[in-house]
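For reference, the structure is listed below as C-alpha cells.
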C-alpha cells in the first residue's frame with residue numbers, strides 16, 4: 001500500500017459522505033498524517049442496515065492521529081453546508097481540501113426511475129457537488145495546497161453507459177463536469193481533479209447492488225484512499241485530470257495491487273463508465289473464471305421431449321422449498337425472448353413456492369426480461385445477474401430489493417444443480 005509521507009499534516013479536509021465507505025477511508029488515510037477532517041454527512045444516528053455514523057467515524061479518525069469535526073450535512077441543503085463550512089473555519093482556521101464523495105445511485109431505466117429518485121441523484125451528485133464546491137471555494141483560494149477532488153468517472157460518452165441507467169449517468173457525469181469546468185476556472189489557484197476506481201469497491205452500496213458474494217470480486221476502499229492521498233499530495237498544477245485509481249498507483253510505484261483485494265487472487269468486477277463495453281467486460285470475466293463464485297451446474301439428464309429451458313425450470317423446481325419462500329417473499333416473472341420465448345414464473349412468496357410457465361396467479365413483484373439462452377446461462381451459474389444487468393442483457397421492472405436477492409438465490413441453487 002502507499003505509505004504516508006506527512007504531506008497532509010495540519011491540512012483541513014472537508015469530506016462529504018465520510019461516515020462510511022470510501023469517504024471514511026480517505027479521511028483515515030489523511031488522519032494518519034495528522035490532518036484535520038470535517039465529516040460532512042447525514043448519518044448522526046446508527047442506521048439499521050448501514051454501518052457507521054459521523055460520530056463513530058470521528059472516533060476512528062482521532063484514533064488514527066487526526067482531529068475530527070463531525071457535522072450533520074445533507075449536501076442538498078445550502079444552509080447545512082454553509083454552517084458546516086463556517087464551523088470548520090472557526091475550528092481549524094480554514095479549509096485546504098474538499099472531497100466531494102457523497103453520491104446517490106439507482107440503476108434503473110427511464111420509465112422505471114421515479115422523479116423522486118431522479119431529483120435525489122441530481123440533488124446529491126450534481127447539485128450537491130456544485131454547491132459544496134461553491135461554498136468552499138472562497139476559503140480554498142486562501143490555501144497554499146488547495147484541492148477539490150470529485151469521486152466521479154471520466155466523461156465517456158459511449159451510449160452503452162446511458163441506455164440502462166440514464167438518470168444516474170447524467171447525475172454522475174454532472175460531478176465530472178464540475179471537475180472539468182472548475183479546473184479551468186480556478187487554474188493556478190485550486191487543483192480540481194476527479195478520481196474513479198478501475199474495479200468495484202466493496203462498500204455497503206455495492207453489497208446492495210451486487211448481492212451476496214459480490215465482495216469477493218471487489219477491492220477495499222483503501223485503494224481509493226491511497227489514490228486520493230497521492231492526488232492530494234501533488235502541487236496545484238496537477239489539475240483537470242480524470243484519474244483511475246489503479247493507473248495512478250502503478251505510476252506511484254505500487255506493484256502488488258492484490259493487497260487491495262477483498263479476496264486476493266479472485267477475478268475482479270470492473271466498474272462502470274470505463275472504455276471497455278459491458279459486453280466485453282462480461283466476456284473477459286468469464287474467460288478468467290469470474291463466475292467461479294458460483295459453482296457451474298452439473299449436467300442434468302435430459303429427456304428427448306424436454307428443451308434446455310424446460311430442464312432448467314425442472315431443476316429450479318426441485319430446489320424450491322418453504323425455507324426459500326420464508327427468506328425471499330417475492331414472485332418473479334421471466335419474460336423470455338429468443339429461441340425459447342415465453343413467460344415463466346418463480347413463486348417464492350406463497351405456500352411451499354412454485355415454478356411454472358405463463359404468468360403467476362398473483363401479480364409478480366419483479367419482472368425480468370432477457371433472452372432465453374442468457375436465462376439458462378444465468379440459472380446454471382455461467383452468467384451472473386450483476387453482469388447480465390450491467391451489459392443490458394437483463395431488464396428489470398419492479399422491486400429492485402427483491403431483484404437483488406436473486407443472486408443469492410442463484411448461488412444457493414447453483415451449488416446444488
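Note that Cβ sites are derived from N, Cα and C of the backbone, with glycine treated the same way.
Listed features, source Swiss-Prot:
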BINDING   17, 18, 19, 20, 21, 22, 23, 42, 74, 172  NADP(+) binding site
ACT_SITE  168  active site, proton acceptor
DOMAIN    306-414  domain 'SCP2'
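Taken over all pairs of the listed NADP(+)-binding residues (17, 18, 19, 20, 21, 22, 23, 42, 74, 172), the Cα spread reaches a maximum of 20 Å, rounded to the nearest whole number. Counting Cβ atoms from all protein chains shown, residue 19 (NADP(+) binding site) has 27 others lying within 10 Å of its own Cβ.
The highest number of surrounding Cβ atoms within 10 Å, among the binding-site residues 23, 74, is found at 23. Using a 10 Å radius centred on the Cβ of residue 17 (NADP(+) binding site) and all shown protein chains, the other Cβ atoms total 25. Between the alpha carbons (Cα) of residue 21 (NADP(+) binding site) and residue 168 (active site, proton acceptor) lies a span of roughly 19 Å. Residues near the residue listed as 'active site, proton acceptor' in space but far in sequence (CB under 8 A, at least 6 apart, same chain), listed by position: 105, 106, 107, 108, 121. Using a 10 Å Cβ-Cβ cutoff, residue 21 (NADP(+) binding site) registers 22 neighbours. Across the domain 'SCP2' (306-414), the DSSP tally of helix, strand and coil residues reads 49 helix, 29 strand, 31 coil. Confidence annotation: the domain 'SCP2' (306-414) carries a mean pLDDT of 83 in the model.
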